[in-house]
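Read through the structure below, which is laid out as structure tokens, and then see the notes.
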Amino acid sequence: MYRPSCLSYVLLVANMWSFAVCANAFIYGSYDPSHNIPIVALMTLCATGLWLSTSVVSFGIRYVRVRVSPEKTQNRTIYVSSGLPHFDPVYGVVKKCEPMGGGPAIELQVNPSWIHLLPTSPAINKVEVGQESAILGSTYSVVETGGEPKSLVAVKSGDSTLGFGARVYHEGMDVLMVPHHVWYNDKPHTALAKNGRSVDTEDWEVEAACADPRIDFVLVKVPTAVWAKLAVRSTKVLAPVHGTAVQTFGGQDSKQLFSGLGKAKALDNAWEFTHTAPTAKGWSGTPLYTRDGIVGMHTGYVDIGTSNRAINMHFIMSCLVSKMETLPPELGYREISLEDVGLRSFEFLEVEIENRGKVKLGKREFAWVPKGKAWADMLDDDDLPLPPKMVNGNLVWADAQESFDGALPLNCLRAAGRNVLPPKLNLVTINSPVDPPTKQVACPSEIVDHRLASLEKCLENLLQTLSQPQQKFSQNSLSSGGLKGDQELKLAPCYSKQESLFPPKPRATSSKPITTSSPGTPGRSPLPVSGKELGPSTQSSSKLSRKQRRRRSTKRPVQGSPSPASPPPTRT
């Protein structure tokens with residue numbers, strides 16, 4: 001409530017007296033110009049009005065100049081933990097938190113004195129931050145700029161790092177080795193980075209790939225110009241050995257990297273192994289380096305805080321990706337047939353390799369699944385073409401799924417190229433006399449004698465050839481039982497061979513009779529050839545008889561064309 005001051009009361013009394021004087025002087029006509037009181041009263045009233053006007057104006061000015069602003073209050077933001085703690089190689093144990101009222105999430109560094117209050121192990125990385133895991137008891141080391149391996153490269157998606165890969169040598173070309181879940185991520189890859197420099201990625205050709213999480217790899221054909229711009233060199237892939245020391249590399253970018261050390265542990269399956277090297281967020285796909293090269297590629301964790309998992313790229317590139325038909329035996333890997341898979345007591349893992357096909361993996365063996373179906377399996381299919389139908393005794397090909405020419409009737413066009421009526425079904429029986437069987441005419445004795453003489457001449461040449469290396473031995477050795485049996489075995493096939501190679505043919509007629517030998521020529525008998533023993537006395541008598549027959553045959557030459565059944569003597 002407004003309370004006037006004493007000055008206000010004095011002004012009020014003075015203005016009331018001045019108003020009364022002015023009213024008496026000017027209104028009621030009692031004004032005397034010689035008196036000054038009315039003038040003073042009038043001046044008092046004017047000064048009071050002027051003062052009031054000035055006060056109102058000054059109040060208005062002050063009112064306008066006053067600025068009204070909202071009241072300032074203290075805002076309080078509450079953040080809620082939205083993930084399990086994970087270990088960061090730079091900041092230690094970190095938790096992801098989000099504001100209660102909405103907004104961007106932050107990462108909270110946990111005080112080491114509060115680690116024991118966390119519900120789970122602080123040395124883990126769960127699905128929220130990747131498939132990597134730090135190993136309890138292991139440490140991280142800071143890598144100097146340019147001190148990382150020359151083949152290491154980072155895969156970027158904008159300003160975030162999806163993972164790491166390496167340039168490796170494979171069958172005359174350099175390819176980028178990277179996990180499948182990194183290259184085909186929900187966030188598309190945009191660049192390859194190395195030591196603070198990056199090159200945009202394109203739709204490059206893929207040499208081979210596998211989307212199975214247990215065989216998680218991609219081999220990308222990156223142009224040589226990209227490698228040259230990033231100064232990335234290639235390295236070789238080696239087979240892992242149990243207990244080998246391995247080293248991993250990673251970080252939030254390609255310029256500030258960290259590394260971890262561990263050991264490789266072999267498993268029963270040749271395509272995978274475990275290691276104790278620590279990893280962190282964004283390290284997926286980091287190669288496992290040794291002193292001589294790369295022995296594997298990190299793909300995830302097996303036991304949180306204890307071991308990580310890696311794939312054996314040497315087995316994959318040598319057996320599943322390589323185009324070599326044979327494998328070196330020193331590798332210890334064996335390819336088997338698909339039928340042998342069912343004979344094994346252990347299970348096989350079936351995966352599909354892009355640009356290669358399906359393959360079954362079991363321990364240190366693998367078998368390729370053939371493409372398509374076997375011929376025997378195709379016979380059991382129900383999608384075979386429909387056969388023609390029988391309608392009124394005729395085959396109808398209209399509904400059959402086979403190609404045919406409907407304009408040409410079947411079995412009506414002959415080789416002569418003219419239309420011929422089909423044969424009638426009702427044929428007239430015709431009786432005809434049956435010809436008597438023809439009698440076989442025996443071979444003349446002259447032909448038999450001629451063939452026998454030719455055969456004996458061939459056998460004589462053969463015996464002379466066989467007897468030449470035996471002249472150095474005595475008569476006792478010639479008459480031994482072993483030599484007799486040997487000669488019989490050697491002579492018997494020659495006789496059968498001559499008869500089988502030169503079958504008898506009809507002989508042309510001649511104007512003169514053929515006289516080949518004297519009437520004393522013995523008949524055809526296989527006994528001198530294979531059935532009769534050839535002792536020393538028998539050989540001498542047979543040689544004399546053959547010489548006499550040869551002389552007689554030379555004195556009486558055979559006239560006419562020679563018989564094709566008597567071949568020239570064969571040298572053996």
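Quick reminder: no glycine exception, Cβ is built from N, Cα and C everywhere.
It should be emphasised that the depicted structure is a prediction, and the values quoted were computed from it without experimental measurement.
Pulled from Swiss-Prot, these are the features on record:
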ACT_SITE  HIS181  active site, for protease activity
ACT_SITE  ASP216  active site, for protease activity
ACT_SITE  SER284  active site, for protease activity
COMPBIAS  508-520  compositional bias 'Polar residues'
COMPBIAS  544-555  compositional bias 'Basic residues'
DOMAIN    135-330  domain 'Peptidase S39'
REGION    498-572  region 'Disordered'
TRANSMEM  7-27  transmembrane segment
TRANSMEM  37-57  transmembrane segment
TRANSMEM  77-94  transmembrane segment
Distance from SER284 (active site, for protease activity) back to ASP216 (active site, for protease activity), taken between C-alpha atoms, in Å: 11
DSSP-derived structure type at HIS181 (active site, for protease activity), helix or strand or else coil: helix
SER284 (active site, for protease activity) versus HIS181 (active site, for protease activity) - Cα distance in angstrom: 9
Integer average pLDDT (0 to 100) for the domain 'Peptidase S39' (135-330): 90
Winner by Cβ contact number (other Cβ atoms within 10 Å) across the active-site residues HIS181, ASP216: ASP216
Chain residues in Cβ proximity to the transmembrane segment (37-57) (below 8 Å; excluding those fewer than six residues from its ends, i.e. six or more beyond): 11, 14-15, 17-22, 25-26, 31
Cβ-Cβ neighbours of SER284 (active site, for protease activity) (radius 10 Å): 27
